[in-house]
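If you look up Swiss-Prot, you'll see Asp140 marked as active site, proton acceptor. Per Swiss-Prot, ATP binding site is recorded for Ile12, Gly13, Val14, Gly15, Ala16, Tyr17, Gly18, Thr19, Val20, Lys35, and the stated evidence type is sequence analysis. Annotated domain 'Protein kinase' per Swiss-Prot: 6-295, in sequence order, evidence recorded as sequence analysis. Per Swiss-Prot, the feature N-acetylalanine maps to Ala2; the stated evidence is similarity to another entry.
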Amino acid sequence: MAATRYEPVAEIGVGAYGTVYKARDPHSGHFVALKSVRVPNGGAAGGGLPVSTVREVALLRRLEAFEHPNVVRLMDVCATSRTDRDIKVTLVFEHIDQDLRTYLDKAPPPGLPVETIKDLMRQFLSGLDFLHANCIVHRDLKPENILVTSNGTVKLADFGLARIYSYQMALTPVVVTLWYRAPEVLLQSTYATPVDMWSVGCIFAEMFRRKPLFCGNSEADQLGKIFDLIGLPPEDDWPREVSLPRGAFAPRGPRPVQSVVPEMEESGAQLLLEMLTFNPHKRISAFRALQHSYLHKEESDAE
């Protein structure tokens, strides 16, 4: 299906992943989001998409069969213009008007009600558990790629496309935020699905605070801000193969979660700490977080 079938309406934004347009499907009248990214020419006879791109798109199309309510739908993929070096691929997603950043900013003081936060978190974790069960690590969760529909449905976006996006990102001089990155990513250690649960913890705290939890300006500065809250981890938990030694950071103990998220009750603080656990092998999974008592009890002291 050709990308020209869709009529661009407005530019939504420009990011590390390229330019995003809101467009209209004239056949259905529905709005869609168009993301055009460049991928390297596969180099086979006559060119073509790289095998890695074909595999990633095939996996995402398979996920469509499940129609998970908390995952943005990939409706179409079109390879359009090409050169000797690269091919422009247009990804057609369902269009959602706002992201979590906008949703939080629009909430009147003092912010979102606790029960709304719990509902958002249950949906967020449900979508993420679905991705993890299908062996997809998001790797870049942040409020800007968690979308919220007008009726409060959470949908995860920009997942499963890491290899497709990597070429475009190398061409785009956009600073990728470190604020939601797990320690193992900051240390350039090996990583898997637990990296996403660290990001979930940062976003969970931000729903209460209405501002990011850790705002570092370099990998080392980000780690320092993390250790200011959770304490310097023990030597046994420090990954062996990284260039930044544990000794580069001053010893310090943990602080109470309520010192940075005073509105959070004790069981919520306990869940947050299970997400913000330094050792990824000890970090709570999306599946286990969904079972946590905090997300299933009414707020006892709700105002």
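A Cβ is built for glycine as well, from the same backbone N, Cα and C atoms used for every other residue.
In this structure, of the binding-site residues Ile12, Val14, Val20, the smallest number of CB atoms within 10 A of the CB marks Val14. For the pair formed by Asp140 (active site, proton acceptor) and Ile12 (ATP binding site), distance between Cα atoms is given as 19 Å, rounded to the nearest Å. Per-residue pLDDT, averaged along the domain 'Protein kinase' (6-295), amounts to 88 for this model. Of all the Cβ atoms in the protein chains shown, 23 others lie within 10 Å of the Cβ of Asp140 (active site, proton acceptor).
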